[in-house]
């Protein structure tokens, strides 16, 4: 919403969700037409080895970068949770983001990622869904209690902003699940295209509703000050948000294994003929997670990670490749609705990919690097250096600091 402008952002969110729904069904239709049961085998049969190689790179990079982003979130959020424990020094090494990322990896994400059957993560996914509902309630609550006290930026309500393509990249990152769609499809009882379509329609409707509420509540609260990680906007002494941070950290830790499954499957298909012996299964998993962990220890800005992953990996996986495969495999008439939509999605995906990458590099999002936001320090004299047109700080911030956060 911050990058696109609030009204245009809502429209883009709806458009990306529709395209995601359409392309997920299109992908399985392509699999049915080609007689294949993985994304890689579909592209290999459609475009040969060059297409297979390109998809393998994208299918590996997207979940791998997602794993990095989940580690960043876990480190940022849980470190602030542990800082709220009475008597704990904020400079304590054992509550720092680096230690937390390492601990969560060894204790939770690595053991869960060692499973071979993705269906075994069903209960974990249910826990993540429940926690997401709690987090949404907290964000909505703070939109009501905190939002009126946060000064609004002067461009808060413009219809559109020039960084809208970057916003599409972030939205694509949020919605994409194409890289593990065949894994999930195969886990259905008696999988069919019709059953898959119903599952996808229901999932996308729920997902867009949750994303819309998160985006609306978050942006209405912080407008132009919104960070790539929304929880970076809240003050550390807010106990309700501290609980939300804990839920958020647990959610991404439980989601992490889903991405690891895909990266491991890509490596297994490319280098091991699709099957990993027990020893190689463990070694490959450990190597993937170790590299992702090391990279996440070096990066603390989530926004640029989401944008680049969205425009470079998610956009082609959502917009371009499913459409191209279907257009080549389908024998339907050119006027068929699926073919028309596929022809529209292809150039849009190319534009988002190219221009989104350029803009993400040249106009990267602001990042607090874990520092408190200015409104958490109402008595800080440095606030007077900020434009009056942006901020109207009054004694209500002092009241806010006492009444809401304590």
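The chain as shown is numbered from 1 upward.
Positions of Cβ are set from backbone N, Cα and C atoms, glycine also.
Annotations in TrEMBL come from automatic prediction, not curation.
Copied over from TrEMBL, here are the features:
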{"type": "DOMAIN", "residues": "1-361", "note": "domain 'Amino acid transporter transmembrane'"}
{"type": "TRANSMEM", "residues": "6-28", "note": "transmembrane segment"}
{"type": "TRANSMEM", "residues": "49-73", "note": "transmembrane segment"}
{"type": "TRANSMEM", "residues": "93-112", "note": "transmembrane segment"}
{"type": "TRANSMEM", "residues": "124-144", "note": "transmembrane segment"}
{"type": "TRANSMEM", "residues": "164-188", "note": "transmembrane segment"}
{"type": "TRANSMEM", "residues": "200-222", "note": "transmembrane segment"}
{"type": "TRANSMEM", "residues": "242-262", "note": "transmembrane segment"}
{"type": "TRANSMEM", "residues": "274-299", "note": "transmembrane segment"}
{"type": "TRANSMEM", "residues": "305-327", "note": "transmembrane segment"}
{"type": "TRANSMEM", "residues": "339-361", "note": "transmembrane segment"}
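Take the transmembrane segment (124-144) and the stretches 49-73, 93-112, 200-222, 339-361: counting Cβ pairs under 8 Å, 200-222 has the most. Here the transmembrane segment (164-188) has Cβ contacts under 8 Å with residues 1, 3-5, 8-9, 12-13, 16-17, 20, 23-24, 27-28, 31, 37-39, 58-59, 62-63, 66, 118-119, 195-196, 199, 204, 207, 211, 258-259, 261-262, 265, 303, 306-311, 314-315, 317-319, 322, 351-352, 355-356, 359-360, 363, 365 of the same chain, all six or more residues outside its ends. Listed as Cβ neighbours of the transmembrane segment (6-28) (distance under 8 Å, sequence separation of 6 or more from its ends, same chain) are residues 39, 42, 156-161, 164, 167-168, 171-172, 175-178, 181-182, 185, 193, 196-197, 200-201, 204, 207-208, 211-212, 215-216, 219, 318-319, 322-323, 325-326, 338, 341-342, 345, 348. Here the transmembrane segment (305-327) has long-range neighbours at 16, 19-20, 23-24, 26-27, 29-30, 33-34, 42-43, 46-47, 55, 58-59, 61-62, 65-66, 68-69, 72, 165-166, 168-173, 175-176, 178-179, 228, 299, 338-339, 341-343, 345-346, 348-350, 352-353, 356-357, 360, 364-365, meaning same-chain residues at least 6 beyond its ends whose C-beta is under 8 angstroms from one of its own. Highest Cβ pair count under 8 Å relative to the transmembrane segment (242-262), across stretches 49-73, 93-112, 274-299: 49-73. Counting only same-chain residues 6+ beyond the ends of the transmembrane segment (49-73), those with a CB under 8 A from a CB of the stretch are 39-40, 43, 101, 104-105, 173, 176, 179-180, 229, 248-249, 252-253, 255-256, 258-260, 262-263, 266-267, 269-270, 288-289, 292-293, 295-297, 299-302, 305-306, 308-309, 312-314, 316-317, 321. When Cβ-Cβ distances below 8 Å are used as the criterion, the transmembrane segment (93-112) is approached by residues 71, 74-76, 78-79, 82-83, 85, 121, 124, 249, 253-254, 256-257, 260, 285-286, 289, 293, 296-297, 300, 370 of the same chain, each at least six residues removed from its ends.
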